[in-house]
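Contents: one structure, followed by commentary.
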Amino acid sequence: MMLEVRDLNAWYGRAHILFDVTLGVERGTVVALLGRNGAGKTTTFASLIGLVPSVTGAVTFDGEPIQGRPAHEIVRRGLGYVPEDRRIFTGLTVEENLMVGAQPPRPGVPHWTPEMLYELFPNLAELRKRQGGHMSGGEQQMLTIARTLMGNPSLVLLDEPSEGLAPRIVEQMAQALIEMKRQGLTLILSEQNLHFARLISDRATIIEGGRVRFAGTFADLDANPEISAQHLAV
Amino acid sequence: MTALQVDTLCKSFGGVRAVDEVSFTLGETELLALIGPNGAGKSTCFNMLNGQIRPDVGTIRLFGRDITGTPPRAVWRLGVGRTFQITATFGSMTVMENVQVALLSHHRRLRALIPYAGALYRDEAMALLDLVGMADQAARACGTLAYGDLKRLELAVALANEPRVLLMDEPTAGMAPQERVQLMRLTADIVRDKGVSVLFTEHDMDVVFGHADRVMVLDRGRLVAEGTPSEVRANAEVQQIYLGSGALYGAEASA
Amino acid sequence: MDFLVAQFLNGLASASSLFLVASGLSIIFGVTRIVNFAHGAFYMLGAYIAYTLATTIPQPFGFWLALPLSALVVAAIGAVVEMTVLRRIYAAPELFQLLATFGITLMVEDLVVMIWGPEDLLGPRAPGLEGAIPIMGQLFPTYDLLVIAMGPLVLLGLWLLFHRTRWGVLVRAATQDRTMVAALGVNQKWLFTSVFTLGIFLAALGGALQIPREAVHHALDLQIIVEVFVIVVVGGLGNVLGAFLAAVLIAELNAFGILLFPKISLVLMFLVMAVVLVVRPWGLLGKPDAEARASIGQAIEPLRRMGPVSLAVSGLLVAALAALPLVAGPYLVIVTMELLIFALFAASLHLMMGVGGMVSFGHAAYFGLGAYGAALLVRFLGVPMELGILLGPLLALAGAILFGWFIVRLSGVYLAMLTLAFAQIVWSIIFQWYDVTGGDNGILGIWPARWASDPKVYYYIVLVLCVAGLVAIRRVIFSPFGYAVRACRDSTTRAEAIGLDRRRVQWMCFALAGAFAGVGGTLYAYLKGSVFPDVISIATSVDGLVMVLLGGIQTVAGPIVGAVAYKALSIYMTSQVEYWQLILGGLIVVLVVAFPEGIAGFWQARVAPRLRAATGRGWEARS
């Protein structure tokens, strides 16, 4: 197991958000985290990356415990995070955004340079001097992913990467994610778009009300339509 | 009589047309859905309807009366209730107090300095909370509510001034499936019993196709389709830009 | 003409020094979101240390080494302060951070007196630049030309730093979204420490540069911090270029204002700030704060009316206060009157700050207007005390209505700065309008009526009015209007969507708060028998802030507890301890670090739930 999460509980203030979340991700696979708005997907990611102050449970990444560590330490171990809502630095240019994400190379994982990322996301190449605030939603989303890759992660958490994008852009996004997987990256993506998730992912985990309700392959999920019906309202 | 009549509404932000010549009508006691991709301009459209944003061009009529550019508080007094995509409630108050404030405002008693507000309009507040199924949580601090309950509280608050039009921005987001159905049934009951007209945005197609009388589709600021749920569902362009799925399977081949 | 050029250059020299300090403040705010009140103290420290270095290291190197060395030493002190104090309170509400830096300021003020003594110190001339050169016939100090050059040089340096280095890019990124920066593997802690250190370095350098130009003394900090606040706000928070433009604007205004409008020279800067903020609510080059921050005073726990126990305790307390003159001596009676008056003052500030979400750095204006209202009535119309107490607060109400109209147009730190501007305008008018207000000499002879001349009798007037005021404020908080005020604070969007006019509601709240403060001010004038411009000083406003924050902004009782604790402490300390500011400042810092929710807030959040749990009473059961 590359990432192992056991009995993760998280609170925002007094509100208990995650209840005993348990997950396992094998190296080189893609796991889709499915569930509705407010189900706990974003909190799960934020907890893994060290952005939620009150968390209990055990998280091991590459065999080392990372729970309770500050975010920057977790990221420097190779856990990349692509937040929802893009969150690029709108006052910075594309190049500068990439600079913020840059980390030293790490053995055994692809070492990304801006040039390689401009190849992966051809739209960005023409925009390197453009300010982040003057880009379209799709371009911003690609920049968010590129910026995280600059940290040379071995595992990337992607929070709703297809959300609010035109289908044409979603297609490009899918291609980029498949390419990342081909390069040997491990991915966890949270999604509401089942089709998108199915296209890219090897396994699915359904989270609802802060609890894991299902974990298995898409074939298992298809074999139990009542699960999707109950938790995903499909 | 039409509840809302919207003509060639336009709004640009920094040169980008967020809403581009949108025209439509909302009939009396109609449940009208507005759908489309994120960033299509649905929220901007809503914010113009209740006066939060002033349109660059276009007019909005409420039962024939021009309300274009009227501030939200005045639009509310004219009988337009609103729920928000990101819930907006009073976090330092209890559930009951949230509704009481709306009632106090409706009865124009918010300037009073002497009486104890907590004792005013309790029964009316309770009745509204009962209506949305929140009566048992009346004494809870609003800040501790689950997301779905906040949505229901917002509905109760929006109903406090006996509105003739309700604008609901993603009313069921974050709710469990059964809750969604319940909330939309409740909304449909309110439409029927109180003669309210409802315009709502929604991402859950079960909710849209299951409850709306009519559906409009917005893409990049423009209305691209409009009709009954079955017409819209069958519309090829809508499938292409929003309902999707077909386009994505195309990506598999190219990948 | 020639004289005007010289005056213009003088202005530029001041602008450079102000810009150095302001840019540091601006950078620190941009990244850490801390409004660093102690910035002036570090500026002053820079000047003192440069003085010592320049006079101990042999010339000609002494002076030129002293400037950078002093800035480095002070920057190192700043780094230590950041790591030991600020780092612990980044998550606390921004006002607590302000309070902590205020505590640091108090400490530094006493420390410099302990080390360097209370006298003004005159620094050495700059070796090599002692002379003056003729510019258009006027002799202009050569050293000042160097100072003038420093401003643009530092501006250029900062621009290069922020746009040509990775560190600078990280700082700009963190200014927008510091959580995201951490989520990209950047160690926020060290980024914050380095930013704070750079900011303090600039402040100290600004101070060190001044030693050949003006005497070093222990009140430099407050003098500069107010001007620098104004500059940063006029320029736009977090915008360095804006700070530069504003520094030039304000410095030239000071240079020429004294020539053109000598009567209102002190007000000019604040008038300009008020105009800028009303026209451009985020300063000249500032942008609206995209990041929606939870506003001050917002609590998860709803405010509750007193239960029977609290009511009984309050009743007993009032009864005990009523019995006090029977057992206590005159000193204790007078001290208690002061505590009561300040409790009312703090509660009125809490009404607008805690309940209304409008932070005021200038609440003393309304306290002072209440005091001067009564004093002017006595001086010019000879009105009796009974009428004076009734009419005095009306001046405060009128001031609050007038200024409030402008103030509610803004929000957040900008709103707070505008309250400060108006308070300074009031202070300046009273200070400079000698014929009416007596200026510095104040107005004397405002004594209670003969029947109330015994402090023990006047005590009952104070007790009745202050308790009535406190009850009234409490009543307002729980009235429909109080709910409207809280509604506007909690969610403007929702408030407007249910028919509330936010500005109008906040305006009324502001006027009410001003009127209650005015009652306190009037009572204070009769207590002291005189009024001086001090009552409107920044120190009084800050005292009010400290009381409210110390007591806890999220509770109704908090400000009263805070006022009594703080005032009693400072009265005791000023009479007993030589360096009381040092101890008081230290105490504030410790309290903020230990109880970021305030004393009453700590009680409510930590102690009360345990008591409730122990007695088996949950809040659901109390509804």
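Here the Cβ of each residue, glycine as well, is placed from N, Cα and C on the backbone.
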- Item | C:98-117, C:118-137, C:478-497 - the range that TrEMBL marks as transmembrane segment | C:98-117
- Flag the pair the transmembrane segment (C:306-325) / the transmembrane segment (C:457-477) as in contact if three or more Cβ pairs fall under 8 Å (sequence separation 6 or more). yes
- Could you tell me whether the transmembrane segment (C:145-162) and the transmembrane segment (C:12-31) have 3+ CB pairs under 8 A, leaving out pairs under 6 positions apart? yes
- Query: Residues of the same chain, at least six outside the transmembrane segment (C:507-527), with any C-beta under 8 angstroms of its C-beta?
  - Reply: 334, 337-338, 341-342, 344-345, 347-349, 351-352, 355-356, 358, 363, 365-375, 385, 388-389, 392-397, 399-401, 403-405, 407-408, 446-448, 458, 461-462, 465-466, 469, 472-473, 476, 481, 485, 535
- Same-chain residues at least 6 beyond the ends of the transmembrane segment (C:331-352) with a Cβ under 8 Å from one of its Cβ atoms are 321, 324-325, 358, 360, 363, 366-367, 455-456, 458-459, 462-463, 465-467, 469-470, 473, 476-477, 509-510, 512-517, 519-521, 523-524, 527, 543-545, 547-548, 551, 553, 556, 558-560, 562-564, 567-568, 571
- At an 8 Å Cβ cut-off, counting only pairs 6 or more apart in sequence, do the transmembrane segment (C:63-86) and the transmembrane segment (C:387-408) clear the bar of 3 or more pairs? no
- Within the same chain, the residues 6 or more beyond the ends of the transmembrane segment (C:415-434) and with Cβ under 8 Å of it are 226, 229-230, 233, 263-267, 269-271, 273-274, 277, 358-365, 368-369, 372, 399, 403, 406-408, 440, 533, 536-538, 541
- Message: Should anything in the same chain at least six residues away from the transmembrane segment (C:145-162) have a Cβ under 8 Å from its Cβ atoms, list it; otherwise answer none.
- Response: 9, 12-13, 15-17, 19-20, 23, 27, 126, 129, 133, 168-169, 171-172, 202, 209, 213, 240-241, 244, 247-248
